[in-house]
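Student: Once you've had a glance at the structure underneath, I'll fire off some questions.
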Amino acid sequence: RRRLILNAHPLSPLHSSSSVVPAGLLFLEHGRRPRFLDHDASTDAVRIPIAMSPGASCSGVPVPLRPAGTHTFLLPAAPPFVSKCTINRRDPRTASSCFGKAMTPKRCFVVAGGLTWVDGVEEELMELQKTQEQSSGKLKKRPPLRRGKVYPKLPVPEHIPRPSYVGANIPQELPAVRQIHNADGIAGMRAACKLAARLLDFAGTLVKPSVTTNEIDRAVHHMIVEAGAYPSPLGYGGFPKSICTSVNECVCHGLPDSTQLQNGDIINIDVNVFLNGYHGGTSRTFVCGEADESIKHFLKAAEECLEKGISVCRDGVNYRKIGKKISKLAYFYGYHVVERFVGHGIGTMLHSEPLILHHANENSGRMVEGQTFTIEPILIMDKAECVTWENGWTTVTDDGSWAAQFEHTVLVTRTGVEILTKH
């Protein structure tokens, strides 16, 4: 864990004296949430002259006023790794290095004034920057996702009950009902969700270099029907496969096909099952082989966004609080929430109201005890548009930015929430 000490100096006449943060010492620590502590400077810290106003922020977190003296500030992510840089006040996401090369730090602090690395750790920071640039280069050199061969849908034994939409092969309208369960319904949801969670764990063990997404679909399909369940996606609006497999820049609804996974890829596997009249769904983004540290950080942030959204759920809470929590944390880490795809009610119907928006919104509606729905935010590394392929399902980022998604089905309780797909 690397730490940075900032010497804060009052600003120039750009701001009135009443709006200036008093001189002091700020402490930035990778991997922690921002907060002030009384703490002396560490000998391995980097001292940086800096001027900061109260309106400034660290990754979107306001900087509170503090009295003069020594204080500690913890930053949740690494600062830009450059020898010298100046943060642009107009665009806090842009920094210019001492080499004149424009950079876009994922997580930077908004300041007025310049930053200079000192105290003899310049070589270490430059080495970190070099490693980061090499990692970014590796990602950029990866060829774009290509359409593979999609094989015919797999059979399901006749004795296994089907959802009502199977065979319709047309888009389904979203029922304007909330799915609220009694004790028997909750038991049914727990059973379906427990199976979905177990299947997702199994699917994750199949993620290896050279394995095709179709092979994962086939293996999970067989395990679903052996459990006496039906793969919910199969036949929904004409969807031809039993699970969704979204690789790298695929945002959502990737069709399993002949695509072979490569070392360093990431893949979201989305599993939904219909068991004894109830649907349960969950998804997770897995790493294939070894991944770059920046990718690991990205996936951790995406999973944390899901957890943050779930944490606000309980009887009587506004749905919009979920999106506000998720979007705030995503911005905090420097990533972007895909607004196009949403969570939804789930139960005896695969999809229903309410729609759970994962971005900041002002939608009305409150959670009700006994209600079940999914929370499934998708994060992308850089802001990009989404494009859907001609198959009508597979959606990718238009610039190749990678995406990550994590999903759980939750049950609202009087005092909180039960994560039904937590295994």
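Every residue, even glycine, has its Cβ placed from backbone N, Cα and C.
As listed in TrEMBL for this protein:
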type     : residues               : note
BINDING  : His253, His351         : substrate binding site
BINDING  : His344, Glu376, Glu407 : divalent metal cation 2 binding site
COMPBIAS : 138-150                : compositional bias 'Basic residues'
REGION   : 129-153                : region 'Disordered'
Student: Quick one: give me the count of other CB atoms within 10 A of the CB of His344 (divalent metal cation 2 binding site).
Tutor: 20
Student: Hey, what's the Cβ neighbour count for His253 (substrate binding site) at 10 Å?
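Tutor: 21, counting other Cβ atoms within 10 Å of His253 (substrate binding site).
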Student: Sort out the sequence-distant neighbours of Glu407 (divalent metal cation 2 binding site) for me: same chain, 6+ apart, CB within less than 8 Å of its CB, listed by position.
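Tutor: Residues satisfying the criterion: Asp270, Gly281, Thr282, Ser283, Arg284, Leu306, Gly343, Thr374, Ile375, Glu376, Thr421.
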Student: Near the Cβ of His351 (substrate binding site), how many other Cβ atoms are there if near means within 10 Å?
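Tutor: Result for His351 (substrate binding site): 23 neighbouring Cβ atoms inside 10 Å.
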Student: Could you state the whole-number distance in Å separating the C-alpha atoms of His344 (divalent metal cation 2 binding site) and His351 (substrate binding site)?
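Tutor: If we compare the Cα positions of His344 (divalent metal cation 2 binding site) and His351 (substrate binding site), the gap is 6 Å.
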Student: In the same chain, which residues outside the set His344, Glu376, Glu407 have their CB within 8 A of the centroid of the CB atoms that define the divalent metal cation 2 site?
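Tutor: Near the divalent metal cation 2 site, the remaining chain residues are Gly281, Ser283, Val342, Gly343, Ile346, Ile356, Phe373, Thr374, Ile375, His408, Thr409.
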Student: Please report the number of other Cβ atoms within 10 Å of the Cβ of Glu376 (divalent metal cation 2 binding site).
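Tutor: 24, counting other Cβ atoms within 10 Å of Glu376 (divalent metal cation 2 binding site).
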